[in-house]
Amino acid sequence: KREIEREKALEKREREREREMYAVTPPQRSDLGSNYGLRVYQTWKGSNIFCLQGRFIFGPDARSLGLTISLIVVPVIVFCIFVASKLMDDFSDTWGLSIVSVAVVFTIYDIILLMLTSGRDPGIIPRNSHPPEPEVIDGNSGTSQTPRLPRVKEVEVNGNIFKVKYCDTCMLYRPPRCSHCSICNNCVERFDHHCPWVGQCIAQRNYRFFFMFVFSTTLLCVYVLAFCCVYIRKIKESEDITIWKAMLKTPASIALIIYTFICMWFVGGLTCFHLYLISTNQTTYENFRYSYDRRSNPHNKGVVDNFKEIFCSAIPPSKNSFRAMVPREAPMPPRSAVGGGFMSPNMGRGNDEIEMGRKGVWAMAEHGDDKNVGNNERFHVNDDELGDIRTTTDDDEQSGSRPNIHPRHSSWEMSPEVMALASRRT
């Protein structure tokens, strides 16, 4: 009898320790409102770097942006001084001046596209200040019940079922095609990849500018290489010498030809790869993580519509107002559950399955997650109604501001219009 009681006491202590380890406790009253009077960018929890008082947002590796600019500007300066200026004497005044002008204008256009890619919000989803309300009760007995969030939720978009995953860092359910960037430490919509050359995530709101930047850089490389070859040919014809002796007379042209040829393989190959991704409506993340060869791509609308979606559709507004004032936060009411919190949906899972999602949406759909099927919530949404799906519900949204900190009733909720539509379909 004593041994049985002792074993029960040990099991009870272990359960309490687990609850203390994984429970999310509400903030203390002394911490509430500590950020009141500051702006959102000043209390930003991600790893981003802000400039001009929150008007520009960069990734944590924004220093690489200077290297990228120098790799573009320095060769163009060398081209204008040692090649284009000499070609002005061989062509008429109009044509000779246009060679320099086109190079300068093209370079400025390329830098503008680079800044539009790097200095804007790529599509960051505002994180919640508190976890959403737990919806599932785990526990074998009535005395040890602990609220626990479901790890995944099911969402149906145009007849395709997606499993959206809970993010422990941002404390929200990530929408379809959203991923958590481990470098910027943010959940980003339609995440493509994090580019170290531009120092920013490439996602929904800057993918168009990123592709235009890569494509224009490819054209600039072709332009410089072509006129370097023209200059060498002009030397050969004017002095009646071999091509090798003409090349020795202009080492700057040889250096530019080698440099632009190497860069052209890099940016040109990247352009072709993203043309393929756009035509099939994939992201780099999806292409490397998943495989649509054995199953149909649910996002593919056809080549023409896929290109229209990238280049002709309106860029959605940012969900963040970085210059807005941080509102005063109301204290969380105490939870009724035992243990003062709830269990994390990723409790007991390996670190490689948390945040970045080693097993993607389609991998989970293929292998199944039977133990969570009963706990998942399914919503029926059309593709054109995805804009009504909200990651947060805040009173401040009605006034037009989208600060970084939101109340705890935010998870991955639906607007009343979409909920009404879902109820009619079910």
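Here the Cβ of each residue, glycine as well, is placed from N, Cα and C on the backbone.
Among the features that TrEMBL reports, compositional bias 'Basic and acidic residues' is placed at 367-393. As annotated by TrEMBL, domain 'Palmitoyltransferase DHHC' applies to 164-289. Feature annotation from TrEMBL assigns region 'Disordered' to 1-20, 367-426. The transmembrane segment feature in TrEMBL is assigned to 65-84, 96-117, 209-233, 253-278.
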With Cβ-Cβ distances below 8 Å as the criterion, list the same-chain residues six or more beyond the ends of the transmembrane segment (65-84) that contact it, or say none. 58, 99-100, 103-104, 107, 110-111, 114, 118, 197-199, 217, 220, 224, 227-228, 231, 250, 252-253, 255-256, 259-260, 263
For the transmembrane segment (209-233), find every same-chain residue at least 6 residues outside the stretch whose CB is under 8 Å from a CB in it, and list them. 72, 75-76, 79, 83-84, 86-87, 99, 102-103, 106-107, 109-110, 113-114, 116-117, 120, 192, 195, 198, 202, 243, 246-247, 250, 253, 256-257, 260-261, 263-264, 267-268, 270-271, 274, 278, 310
For the domain 'Palmitoyltransferase DHHC' (164-289), give the DSSP counts of helix residues, strand residues and coil residues. 75 helix, 18 strand, 33 coil
